[in-house]
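Quick look at what TrEMBL lists:
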type	residues	note
TRANSMEM	6-24	transmembrane segment
TRANSMEM	36-55	transmembrane segment
TRANSMEM	67-89	transmembrane segment
TRANSMEM	96-116	transmembrane segment
TRANSMEM	145-163	transmembrane segment
TRANSMEM	175-194	transmembrane segment
TRANSMEM	206-226	transmembrane segment
TRANSMEM	246-268	transmembrane segment
TRANSMEM	274-297	transmembrane segment
Amino acid sequence: MNSYFALLPVISATLCVGLGLFTLSRNYRHPANIGFTFGLFSLAVIEIGNALVLSQDISHVDALKGIRLALAGETVLPVAWYVFAITFARANYMEVLFRWVPALVVMAILSLVFILNTDSPAFISAPVEGLDLDFFFMGPTGRYFYIYLIVCIVMSMVQLENTFRSSSGVQRWRVKYVIFGVGAILAFYIYKASQALLFSSINVQIIPVISAVTFISVSMMALFIVRHRLLEVNIFISRYVVYNSLTILIIGLYLLAVGVVTQGITYFNIPFSYFFSALFIFGALLALFVILFNASLRRKAQLFINRHFYEHKYEFRDKWMESIEKIS
C-alpha cells in the first residue's frame, strides 16, 4: 500500500479530536455537542486503529490489533451519533432526548456487548501469517454487528433528514453543512458495512478511503462550525416532515444497487482501482443527497406524484404548491 495512504488516518484522527474539543468547549452541557464530540472521538479511535493496520512491515498479529481497535471505535458510532441526531438544532431537544432514552439504553447495551467481543475470532480474524494481508475475515458476531450498525445509522440519518427538511432560510443554511458532513460519513459507513456483509470480510484497501472520506467531511464541518457557530440553531420538527422521510428509500435503493454492481463486476471480470472507485461512490452519494434535498426539485417531484398518482385527492397544500410553481 502506498505510504502516503498511511498518513491519512493520522491526519483525520488529529482533525476529529481538534474539532471535538472545540465543539465541547463551546457548550459542554448541550447533548448535541456531547454526542457530536463523542462521535468525532469514536472516528478518531477508528482512524488510530486504521493507522496501525496501514503501518509498513507490520505483523498480522499487530494488524489484527489495529483493526479490532477500529471496530471498537465503530461500536460507539450508533449511540454517539444518534444522541447528536435527535438533539441537534432541536428547539425541544430535552423532551426528544427523554423520549428516546429507552432506545439509547438498548443501543448502549448492544454496543457494549459488541465491544467486549471484538477480540473474539467470531468477530474478526486475520489471514494466516505468511499470506498477504489483503482481507480481514468476518465471523458471525461481526456480521451481526454490521447489521446492527446499518440499522442504527439509518435511524440517525432519518432524524438528520427530518431536521434538515424542517429548516428554512437562514436556519437551513446554518445546519446544512453539518448535516451533510455527518450524513456523508454515516452513509459511507453504510457502504463499508454492506461490503463487509456482502463478502464476509473487510478489504484493507477500503481503509485509506475511510480516512479520506472522514477528512473531507470533518474539514467541511470544521470550516463552517468554527467560523459561523453552526451548532447554535433551534428548529421545530413537524409531523408532516417525519411521515415523509426519504432516507430509508434512498438507502434501500443503494443497497440494491450495491448488490447489482458487485454481481456485474464479478460476472464481467471488470478491473478497477478500489480506492478511487470507492471514493467515486462516496462522491456520487454525496451529490445524490444534495440533489434530493434541493427544495425546487423536491417541490416538482411532489407535484408530479400528486398530479399523476393522487388525482382523486384534494389537498390545500398541494394546490398552494402548484400555484407557487406557476408564479415562479
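Glycine too: its Cβ is placed from the backbone N, Cα and C atoms.
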Open item on the list: Pairs of Cβ atoms less than 8 Å apart decide it: which stretch in 36-55, 96-116, 145-163, 175-194 has the most with the transmembrane segment (206-226)?
Closed with: 175-194
TODO: State the residues, same chain only, that lie 6 or more residues beyond the ends of the transmembrane segment (67-89) and have a CB under 8 A from a CB inside it; answer 'none' if no residue qualifies.
DONE: 30-32, 34-36, 38-39, 41-50, 52-53, 96-97, 100, 103-104, 107-108, 110-112, 114-115, 118-119, 123-124, 126, 136, 142, 145, 148-149, 152-153, 155-157, 159-160, 163, 167, 171, 175, 178-179, 182, 186, 189, 202, 231, 233-235
Task: Non-local residues, at least 6 beyond the ends, that sit with Cβ under 8 Å of the transmembrane segment (6-24) - done: 33-34, 36-38, 40-41, 43-44, 47-48, 50-51, 54-56, 207-208, 211-212, 214-215, 218-219, 221-222, 225-226, 231
